[in-house]
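Novice: I have a structure here, written as structure tokens, and I will follow up with some questions on it.
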Amino acid sequence: MTLLSSADTLTLHGQTFASRVLLGTSRYPSLQSLSDSIAAARPGMVTVALRRQMNAGAAEAGFFDLLKRHDVPLLPNTAGCQTIAEAVTTAQMAREVFETDWIKLELIGDDYTLQPDPVGLIEAAALLVKDGFKVLPYCTEDLVIARRLLDAGCEALMPWGAPIGTGKGVVNPYGLRVLRERLPDVPLIVDAGLGVPSHACQVMEWGFDGVLLNTAVSQATHPEIMARAFAQGVDAGRAAYLAGPMDARESAHASTPVVGMPFWHQDGSHA
């Protein structure tokens, strides 16, 4: 049973996706585990790193074939790139290998936090948009950088919740919620740092359009079960957002209004 209407779909660059979950494909214990997780999450897209595919050994020989069998749209990424030239070249190679003009643009500026390089990210995004790519940039919750990426031609953004692989959940709720509030018409997909389904549910309740998951699923004890749990959490959060949650209050407010006399006094049988 689904919580949402089939009409409530994620739209990116004019293309609709039935699921608001995007799933990464790295670091699973086995290809079977990856396959089971994709089947459980039923993601709208799966991300794939060009370098992984090019460097795949015998154990990974069936990786691309597995993705084809699931028939899920691919979102190549530029993971590991640290310069503009490297990111642009990797994106162009990925377009040839995976036969898609979609690209998740990653340009890392710090090896410790894996924080994006904001200046290089904007320039690389502009170059790739000009080259015909549909660019989904991995960025922080910085509103000014987000606007510059939109000015560069990006139509959707992928702000982090926390540094990649930390599983901390959203570390700056204020900044992320301000980003959502100030860019109400821009598709925003929270990427990185989510650790458990409640984290995903939370950002969906705030009105974000989707989440991208990898480590939280692939490093779980049971990835398939976690993938399904995340998908359910995303659906629940989206449904709650669409339902219009009540406003939080500082003081208690009775849920049952008291009007007149108790019902057992109304028949006159009690003094």
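Glycine is treated like the rest: Cβ placed from N, Cα and C.
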Novice: Given that Swiss-Prot assigns Ala192, Gly193, Asn214, Thr215 to the 1-deoxy-D-xylulose 5-phosphate site, pick the one from Gly165, Gly237, Gly244 that the record assigns to that site as well.
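Specialist: Candidate in the recorded 1-deoxy-D-xylulose 5-phosphate site: Gly165.
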Novice: Near Gly193 (1-deoxy-D-xylulose 5-phosphate binding site), which residues of its own chain have a C-beta under 8 A away, given they sit six or more steps off in sequence?
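Specialist: Residues satisfying the criterion: Trp160, Gly161, Ala162, Pro163, Ile164, Gly165, Thr166, Gly167, Lys168, Gly169, Val170, Val171, His199.
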Novice: Are there residues of the same chain, six or more positions away from Lys104 (active site, schiff-base intermediate with DXP), whose CB falls under 8 angstroms from its CB, and which are they?
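Specialist: Within the chain, Lys104 (active site, schiff-base intermediate with DXP) has Cβ neighbours under 8 Å at Thr47, Leu75, Pro76, Asn77, Thr78, Leu136, Pro137, Tyr138, Met158, Leu212.
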Novice: Any same-chain residues 6+ apart from Ala192 (1-deoxy-D-xylulose 5-phosphate binding site) with CB under 8 Å of its CB? Would you list them in sequence order, or say none?
Specialist: Leu114, Tyr138, Trp160, Gly161, Ala162, Pro163, Ile164, Gly165, Leu212
Novice: Take the mean position of the Cβ atoms of Gly165, Ala192, Gly193, Asn214, Thr215, the recorded 1-deoxy-D-xylulose 5-phosphate site. Which other residues of that chain put their Cβ within 8 Å of it?
Specialist: Gly24, Ala162, Pro163, Ile164, Thr166, Gly167, Leu194, Leu213, Ala216
